[in-house]
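Copied over from TrEMBL:
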{"type": "DOMAIN", "residues": "B:10-248", "note": "domain 'Glycoside hydrolase family 65 N-terminal'"}
{"type": "DOMAIN", "residues": "B:303-678", "note": "domain 'Glycoside hydrolase family 65 central catalytic'"}
{"type": "BINDING", "residues": "B:338, B:339, B:590, B:591", "note": "substrate binding site"}
{"type": "ACT_SITE", "residues": "B:478", "note": "active site, proton donor"}
{"type": "DOMAIN", "residues": "B:692-746", "note": "domain 'Glycoside hydrolase family 65 C-terminal'"}
């Protein structure tokens with residue numbers, strides 16, 4: 001039997017796995033993420049995250065709120081709970097159909113008294129109307145006639161970190177319970193900013209099926225219970241309609257919007273919404289799908305990453321971005337890191353530029369916070385936060401605890417400065433691929449200029465060497481703190497300043513009015529811009545003329561050189577003996593740093609340099625971040641280390657599916673989903689944009705791949721690219737010049753060209 | 001190894017058994033009942049009942065409230081929950097030590113990562129200070145060093161009927177959460193009457209063990225979490241102190257009392273309270289214990305019944321009685337039935353008359369409600385409610401639902417009139433055994449007279465036969481409704497009226513002032529009392545001159561006579577074929593009715609009559625009440641059916657331990673605990689009081705019993721009675737005249753007499 005290459009399956013229930021599967025089976029639509037919580041168990045942790053709803057309460061920093069749980073439902077065969085822990089499980093199957101965006105569940109439970117009930121469900125979180133979600137339950141009393149009771153609940157007792165006794169936090173006060181007569185609703189309000197969240201649910205079945213409704217207010221829960229008279233062997237369908245609104249969505253009472261939407265939703269019916277939802281997913285897959293023939297695991301895996309990264313992004317809202325754990329869990333507190341611009345953004349730029357723009361607009365919309373960060377730290381311009389929530393201010397926790405419970409200062413929020421350049425890099429990459437002048441002129445430029453301004457204040461002039469240094473930083477490799485002149489940070493700061501100068505000149509020509517207004521608004525003079533150039537020219541990039549291998553930061557080569565020699569059964573490094581050294585005193589690194597720089601600014605380094613750096617640092621990289629393997633995979637392919645590239649790629653693709661970082665339960669490894677796409681398209685597809693801004697392909701296929709196909713949106717031209725062992729075929733929706741294996745081809749509109757490899 | 005005859009054990013954990021064990025392992029002290037909820041599982045239903053706390057909210061009638069749960073605690077081995085469902089269970093033992101009143105629990109759990117933790121606990125609900133309870137936890141990380149986290153919680157989200165989606169009810173609003181710095185507290189308030197309930201808890205360990213306290217308010221929960229640094233193989237002791245107060249206990253803020261008590265409790269220490277608690281149990285056992293040598297199951301079983309009936313009664317509070325399910329569950333809504341006076345009261349009369357008096361005082365204190373019932377039903381005097389809660393008004397639900405969900409009228413509250421006479425019977429039995437004149441004069445008489453007044457208005461004069469009838473009633477056998485002249489009801493009504501007349505005369509002589517005042521208060525004239533005698537003389541007792549077998553009610557013998565022919569493996573009747581008849585159209589009965597009468601008023605019937613009625617009705621009794629087997633056991637012994645008596649006795653004794661009624665999870669079968677005592681003392685011991693008010697013994701021992709010993713308190717004289725195959729020995733703390741096997745003996749103070757059998 002051919003494995004369905006669109007479906008992720010779980011066929012064996014163990015409550016200890018529930019966290020992982022809740023993440024893997026999360027359904028999201030960019031507005032809302034509902035974790036794949038199994039409603040037939042008291043175990044597992046429900047997760048109902050809504051993009052942009054943050055609250056601090058008594059936790060250390062603001063965090064994404066786990067909202068009231070509207071998925072809660074209890075079913076009873078007569079007086080026996082249909083609970084997977086207390087019943088015998090005769091059948092269990094959960095299947096995420098990624099093509100349709102539907103989570104199918106089938107369970108067959110036998111109660112203590114011997115009643116067997118089969119329950120199938122189809123859950124969706126609408127991609128058509130992000131406020132809607134629903135479940136179709138089909139309930140079959142297999143060997144009995146009698147009664148089934150259903151209690152439909154919205155649970156307002158939810159806390160964040162419910163699994164962590166020391167950090168459990170309740171962010172919501174329950175404000176109002178509503179009896180809708182048809183359905184129920186519960187409104188909460190965040191404790192700090194008073195954001196209102198209202199969830200409404202409604203059960204619907206054929207006339208006469210749901211009897212004796214009992215509405216109940218149970219403290220912070222609202223509940224409606226029904227009775228169904230059932231006959232042995234018959235099937236009963238109960239549709240659950242869900243609608244969500246928050247005060248972020250409207251100036252009115254969100255409950256009013258909920259009621260209107262619910263009325264309309266019920267009138268049109270669940271089936272119709274499901275149809276539109278599937279249609280939207282179909283349209284999306286047409287843009288994003290990657291086909292890998294000959295490698296089912298890679299095929300299924302890449303689709304999982306494409307599905308979940310897409311589910312994480314809002315089509316509409318430009319006040320939110322994608323968190324490190326997306327809408328799939330509370331991990332990293334729902335904060336946004338460089339992960340978005342550096343790992344995820346490329347996927348959107350090349351498949352759905354509108355979303356890419358929204359993600360960048362989130363940074364534009366949080367510029368005020370970034371300016372506040374700069375001010376508070378004694379700088380000028382805009383300093384983006386290492387961890388961002390709803391307003392752009394720095395929300396990295398200042399303190400953690402070490403294993404012994406001693407407070408440990410967390411320095412990333414103070415020292416990981418490269419985030420500001422990373423965002424500008426994202427803007428540039430977006431502009432290069434879309435030529436969206438409107439965005440660059442009206443929004444992007446403000447970021448480019450204000451971060452340049454920031455860097456001009458951040459750099460430190462070293463008179464002795466007549467150079468600008470950036471000291472006391474953390475680069476992408478977080479094993480080393482308080483380092484001076486981290487090459488990644490310095491190089492990108494320099495690049496940021498240069499882009500500031502270059503694009504200022506461009507804007508002056510392009511739109512003098514905006515240019516003048518912007519300089520005015522940001523209090524930047526043309527002399528300032530000149531100074532940026534002078535600084536950029538003198539930003540210190542530590543390089544040894546005698547070696548191609550670039551020192552990650554000043555003094556790195558003097559650290560104890562401990563190489564990785566052993567790998568576990570998954571091919572991941574095993575900690576070498578630290579010989580009594582602290583981690584920061586060794587050359588071991590968490591993730592690529594110099595190599596990362598060479599991936600972002602590939603044109604600035606020749607191939608031999610890339611190769612030597614790859615070889616040097618790869619041996620010293622512990623991959624203690626899911627951001628690591630994908631990048632090594634791409635660089636491996638660039639420099640010809642195809643041996644490791646496939647292994648790193650599969651590690652990336654399977655991050656959550658095989659839980660190879662061991663923390664999938666905390667949420668999606670969102671960077672890794674973007675990294676997976678980059679591994680395929682930039683790595684195996686060999687797609688890059690050269691200095692002349694021509695799209696280049698330099699594909700290489702692993703042995704078992706018969707064919708790799710994907711689409712990229714290059715300046716509005718949808719290029720359909722297919723690579724086999726024999727040839728590369730390209731077809732565009734518009735004409736283009738493209739280089740394949742360094743040779744330039746002219747593509748005509750709608751005409752496939754086939755190039756022999 | 002000798003089985004410990006004081007210990008009830010559970011050595012195998014299955015969550016489907018949790019309800020039964022929660023009842024069996026309930027710890028109570030008359031003030032408070034804490035179900036044996038296992039705090040290491042999310043399954044099971046916590047039960048924290050406080051005598052006298054009733055509320056209706058949106059349920060049909062008022063019910064005992066399941067209060068906020070202060071037993072909730074979560075422990076974690078590092079980041080892994082110590083939960084019995086998600087961990088591997090290496091060892092499990094729960095032991096209720098009835099001698100000490102301590103519930104011992106030992107569990108050894110292995111987490112997914114392999115950490116093994118052994119947790120032992122000793123839980124008690126103090127018999128010394130009813131507001132106190134506590135648990136000593138001993139925690140041992142068997143194979144790891146690291147951290148254990150403990151979260152100590154009071155959960156205010158509790159509902160009644162949490163297992164029943166159609167009837168779940170929240171009776172409490174959470175009013176206040178308190179951070180005591182040492183400990184936490186949570187105050188709720190009942191929705192209807194505004195009774196405040198406050199629970200406080202505190203964790204204590206050796207200095208430095210409990211670290212990094214985090215206090216949290218989580219909606220309707222209050223929580224404090226701690227960290228313990230643990231070393232492999234070491235043991236850590238954490239004491240949990242609990243204190244409970246309600247606004248029923250005080251005119252002040254119950255929280256203030258709680259704080260004071262908690263301070264004092266912690267100062268004196270848990271061990272000291274445990275010591276006093278055990279001392280109280282020891283003193284109590286000295287009064288109540290029954291020893292059965294040669295039959296371990298009977299020995300252990302009878303002790304269980306003695307333990308739980310004792311735990312159910314308050315030593316102090318005369319505003320509460322014992323519910324049908326005691327303080328052990330929500331079954332029968334915490335209502336008080338005739339079960340108390342007829343089944344349980346004798347145990348207290350003969351072992352602890354002070355409690356017996358309190359139980360009767362509860363009826364005295366609810367006389368206003370009883371008068372209201374009479375008034376509302378068109379009668380005069382006091383009509384006690386079939387089901388009683390806090391104020392004596394009738395709280396029997398008027399409606400139930402049949403299996404098809406159709407409303408079914410419940411008639412017991414309208415028709416089961418015998419409760420009023422049952423209470424007077426209890427008063428008489430108490431007085432006969434204690435000669436507590438003070439009680440009879442000042443309290444008992446008011447009930448005796450006001451119920452006589454009630455009966456005088458309840459009887460219906462039938463001119464045709466010149467007799468008083470009582471029509472449209474339900475007798476003890478509830479299979480038959482709306483019957484006329486139920487012999488039990490009529491006989492006891494007649495008896496009640498006669499006692500009214502007799503005791504009125506007695507009171508007039510004993511205390512003329514009270515007599516006058518009482519007649520005045522109750523608006524009873526001496527003519528009324530004369531009329532009672534006339535009515536009593538003419539109350540219709542249906543008896544056929546040609547047969548000793550008394551017809552249960554008019555027309556009973558005309559019903560379809562279906563006899564029971566088959567019994568299940570437990571010796572309980574199997575439903576015979578009803579041949580198309582409705583139950584009420586047959587002679588099948590639920591429990592003894594005529595036989596019950598003959599047990600209560602034994603002197604009124606000769607032995608042959610008892611025997612023939614026993615034989616007739618026993619064949620037709622389905623024992624669909626836990627009140628049934630004990631009575632058949634006693635009557636069986638009276639009439640010489642020793643064959644069945646032991647079987648019925650064991651059925652009674654094991655009601656909850658072997659869950660032979662199948663509903664132990666709803667609470668204790670409290671009537672059955674009293675019935676067990678009566679089976680031993682009145683049945684096997686053959687104790688009865690004859691017309692001349694002499695205590696008589698007529699013992700008979702089952703084959704395997706080597707010796708039966710018990711104590712009875714006969715008018716303050718503690719008689720230590722011991723029966724072997726060969727002789728009966730009696731020793732009293734005072735002199736007495738006693739009949740053994742119809743022969744009278746004079747007992748001297750502190751001198752044992754031995755009578756050969």
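Note that the numbers count up from 1, one per residue, in the order the chain is shown.
The backbone N, Cα and C atoms fix where each Cβ goes, and this holds for glycine too.
Bear in mind that the values here come from a model prediction, so they are computed numbers and not experimental data.
Where TrEMBL records a feature, it is marked here on the structure.
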residue : record                    : CB count, 10 Å
B:338   : substrate binding site    : 24
B:339   : substrate binding site    : 28
B:478   : active site, proton donor : 19
B:590   : substrate binding site    : 19
B:591   : substrate binding site    : 23
Around the substrate site formed by B:338, B:339, B:590, B:591, which additional residues qualify by having Cβ within 8 Å of the site's Cβ center? B:337, B:342, B:476, B:478, B:625, B:627, B:628, B:671
Just the number: how many Å between the Cα atoms of residue B:338 (substrate binding site) and residue B:478 (active site, proton donor)? 13
Between residue B:339 (substrate binding site) and residue B:478 (active site, proton donor), find the distance joining the two CA atoms and give it rounded to the nearest Å. 14
Taking the Cα atoms as reference points, how far is residue B:590 (substrate binding site) from residue B:478 (active site, proton donor) in Å? 6
Mean pLDDT across the domain 'Glycoside hydrolase family 65 N-terminal' (B:10-248) comes out at 96
CA pair residue B:478 (active site, proton donor) / residue B:591 (substrate binding site), Å rounded to integer, equals 8
Which residue counts does DSSP give the domain 'Glycoside hydrolase family 65 C-terminal' (B:692-746) for helix, strand and coil? 0 helix, 34 strand, 21 coil
Quick one: largest C-alpha distance among B:338, B:339, B:590, B:591, binding substrate per the record, in angstrom? 16
